[in-house]
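Colleague: Sharing a structure here in structure tokens format.
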Amino acid sequence: MNDIFIGLQLREHFMAEENKKGGFWASLFGRNKKQDEPKIEPIIEEEKIKDIEPSIEKFEANDLVEEEKIQEISTALEPIEEIIEAKNLEDEFQPVVEIETREKPSEGGFFSRLVKGLLKTKQNIGAGFRGFFLGKKIDDELFEELEEQLLIADIGVPTTSKIIKNLTEHASRKELQDAELLYQQLKVEMADILEPVAQPLEIDSTKKPYVILMVGVNGVGKTTTIGKLARKFQAEGKSVMLAAGDTFRAAAVEQLQVWGERNHIPVVAQSTGSDSASVIFDAMQSAAARNIDILIADTAGRLQNKNNLMDELKKIVRVMKKYDETAPHEIMLTLDAGTGQNAISQAKLFNEAVGLTGISLTKLDGTAKGGVIFAIADQFKLPIRYIGVGEKIEDLREFNAKEFIEALFVHEEE
């Protein structure tokens with residue numbers, strides 16, 4: 001018995017040891033199998049879900065409230081925005097109250113464009129003289145410097161000498177105490193030169209058609225000036241016809257026809273190389289038959305054939321007088337201000353050939369040589385009808401001497 005009891009104890013001991021080691025006995029009795037590990041799944045407690053749901057609903061409710069507030073604000077602002085927009089439109093179309101002044105017209109008008117157009121010329125004369133006279137005493141040296149500056153501005157020797165002579169006489173009579181008074185007197189002297197020639201063109205309605213013969217060298221803006229004048233007269237209620245008398249340049253004829261088509265103005269033209277006098281004669285007949293108020297005739301400007309050109313212009317005038325002995329009623333020379341002293345020689349040449357009655361000075365906005373207008377006015381005493389300070393139709397305006405002088409001498413801050 002003792003032996004059996006001891007044997008059972010030994011077997012249990014060995015089995016216990018095998019279980020620990022995972023040996024044979026453990027395999028035999030299935031004790032070595034690993035139990036399947038339970039799958040770990042995310043566990044969301046229902047109570048936490050219940051706690052979160054009210055928070056989400058609260059946030060969503062807050063968002064809706066914010067959106068409603070934004071919508072209410074936007075709706076409230078709409079009438080204000082409409083009022084502001086209406087006020088802006090009202091301001092935009094509100095007529096500007098013009099302050100009466102003898103110095104210059106209202107801001108934004110032709111005077112404003114004239115001031116801008118004369119910026120380059122003002123650097124040499126006019127407002128550009130303010131710094132020149134500042135702090136200087138009146139003596140011979142000052143007059144010499146002034147004379148040099150006037151010549152640089154293309155005022156020319158004869159006109160410059162005349163201005164200096166008059167200023168010197170005022171100074172010798174003790175009428176000018178300082179350089180500022182000399183500056184003001186210079187303005188007066190220059191105005192005195194321009195005022196006698198500021199004569200606008202007056203159309204005689206008893207003469208139908210009233211014939212304007214345009215002359216000038218190629219490139220001065222003659223054909224463009226014709227188009228602008230035609231539009232101006234048309235806007236005044238006058239009927240206009242154009243005659244393409246520059247038959248040597250196809251481009252000139254085409255340009256005139258474009259102006260005519262654009263403004264519904266009839267243009268009389270013939271083929272390139274036709275006789276200019278014949279074209280203009282036909283135009284006079286046509287204008288009379290249609291009861292046209294104003295006929296503007298273009299002419300050639302080939303200065304390289306100076307003698308031939310002058311002979312042709314003389315012929316045109318003779319032929320025109322055969323139809324109407326009072327025609328042409330205006331012989332207007334177009335000059336480019338940028339040519340400086342060359343404009344003087346051109347004026348002399350055309351005046352001797354056909355006898356000018358008026359001048360249009362173009363391209364004043366693109367040159368520093370605008371001082372030539374004083375030389376032209378002083379030497380020829382011919383009426384200056386129009387000046388051009390830009391490419392727009394309204395930039396060709398009747399010449400006003402006082403307005404021109406004010407624009408020339410006005411300062412940026414004034």
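Keep in mind that glycine also has a Cβ here, set from the backbone N, Cα and C atoms.
Since we're looking at a predicted model, the values are computed, not measured.
Annotations per Swiss-Prot:
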type: BINDING; residues: 216-223, 298-302, 362-365; note: GTP binding site
Colleague: Whose Cβ, among the binding-site residues K222, R302, has more other Cβ atoms within 10 Å than any of the rest?
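Modeller: In terms of Cβ crowding, the pick is K222.
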Colleague: Count the Cβ atoms, other than its own, that fall within 10 Å of the Cβ of G219 (GTP binding site), considering every protein chain shown.
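Modeller: Its Cβ has 10 other Cβ atoms within 10 Å.
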Colleague: Around the Cβ of L364 (GTP binding site), how many other Cβ atoms lie within 10 Å? Please give the count over every shown protein chain.
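Modeller: There are 24 of them.
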Colleague: When you measure from the Cβ of T299 (GTP binding site), how many other Cβ atoms are you left with inside 10 Å?
Modeller: 26
Colleague: If you draw a 10 Å sphere around the Cβ of G216 (GTP binding site), how many other Cβ atoms fall inside it, taking every protein chain shown into account?
Modeller: 27
